[in-house]
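In Swiss-Prot this protein carries:
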type	residues	note
BINDING	83, 182	heme b b562 binding site
BINDING	97, 196	heme b b566 binding site
BINDING	201	ubiquinone binding site
TRANSMEM	33-53	transmembrane segment
TRANSMEM	77-98	transmembrane segment
TRANSMEM	113-133	transmembrane segment
TRANSMEM	178-198	transmembrane segment
TRANSMEM	226-246	transmembrane segment
TRANSMEM	288-308	transmembrane segment
TRANSMEM	320-340	transmembrane segment
TRANSMEM	347-367	transmembrane segment
């Protein structure tokens, strides 16, 4: 009698995806982030579901319903802060996951990479809508500023913005629809994750050397399940430390004041994980130009396979490219810092320099450095 794990139509799929999956024997901890993102999204859906049981998507009661969750619901404060800080963890892992993909040339798997970029856009949109729901000052003004960017689209812009708002300003209709979209989007994300994994398992995982590893594969279970569990425990340690010791560390104090359309906060800024893109948006004085730069700052990831000029896939044996990648990371940290600063000198010029260098590193320096490395190796 054959093993049920290998014969049952449903269990067989799980077996081929997580148990008997042939995996390169040398993948490092950088390959842990995929599974951590899966766990993160599951946690977000569970905590979000419990929050939705008590939350009311109405401008008059939204803010007080969040207060009610924190004060009166059993462990409501824990659910709320686990959800808010879980989003931060999600983005940290997302950026690590993308960074690993760039470093080791994982973007060569075109379908997996492109579905991943669609996932990134979907997660960013979902997180943005979630930030609006508590209906604090930064929620309201963040929603107003970011949705207003669409008015820069020629001809249809202003109509489009009013259509999204459901009126002439961010109001009850906007909050209700944002809650509906914020609720449905994680399930759409989960469907995209399945497609992402489907494409990945067509080719198999990449590995740190960037070489074909077909001759050296090991089963996913128990080797990588135990490794993933270690990553999971470390993630839970970080998340619980953040949630229990400093839950408001990554939040904005302005969001503890209820939304007031008549009072603009001195510095409107999004959550920390969007600050790099926000800095790029602000560094261009033209509205449409800023919006295009903002979109292109993420969309540029789709060009990476076309910009890959090296004859090696991974950066493991390419020290010059490694230096450039770490320069890019430093640049993104600077952009994140600038995004949280007021629009005044010297921050304006630092932001403009960092924005220009961001695009220069990816579009010009990285491809030319790769060509130079090819020459150094006489290839």
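The backbone N, Cα and C atoms fix where each Cβ goes, glycine too.
Where Swiss-Prot records a feature, it is marked here on the structure.
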residue : record                   : Cβ contacts under 8 Å, 6 or more apart
83      : heme b b562 binding site : 44, 47, 48, 51
97      : heme b b566 binding site : 33, 34, 37
182     : heme b b562 binding site : 126, 129, 130, 133
196     : heme b b566 binding site : 112, 115, 116, 119
201     : ubiquinone binding site  : 16, 17, 21
Cβ pairs under 8 Å between the transmembrane segment (33-53) and the transmembrane segment (347-367), at least three: no
Same-chain residues near the transmembrane segment (226-246), Cβ under 8 Å, at least 6 residues beyond its ends: 29, 32-33, 35-36, 39-40, 78, 81-82, 85-86, 88-89, 93
The transmembrane segment (320-340) versus listed stretches 113-133, 178-198, 347-367: most Cβ pairs under 8 Å: 347-367
For residue 182 (heme b b562 binding site), the three-state class that DSSP assigns: helix
Intrachain neighbours beyond the transmembrane segment (77-98), with Cβ under 8 angstroms and 6 or more residues off its ends: 30, 33-34, 36-37, 40-41, 43-44, 47-48, 50-51, 66, 69-71, 116, 120, 123, 127, 130, 235, 238-239, 242-243, 247, 250-251, 271-273, 301
Non-local residues, at least 6 beyond the ends, that sit with Cβ under 8 Å of the transmembrane segment (288-308): 98, 102, 105, 107-108, 110, 113-114, 117, 120-121, 124, 149-150, 152-154, 276-278, 280-282, 355, 358-359, 362-363, 366-367, 370
Sequence-remote partners of the transmembrane segment (347-367) [C-beta within less than 8 Å, at least six residues beyond its ends]: 279-280, 282-284, 293, 296-297, 300, 303-304, 307-309, 321, 324-325, 327-328, 331-332, 334-335, 338-339, 341
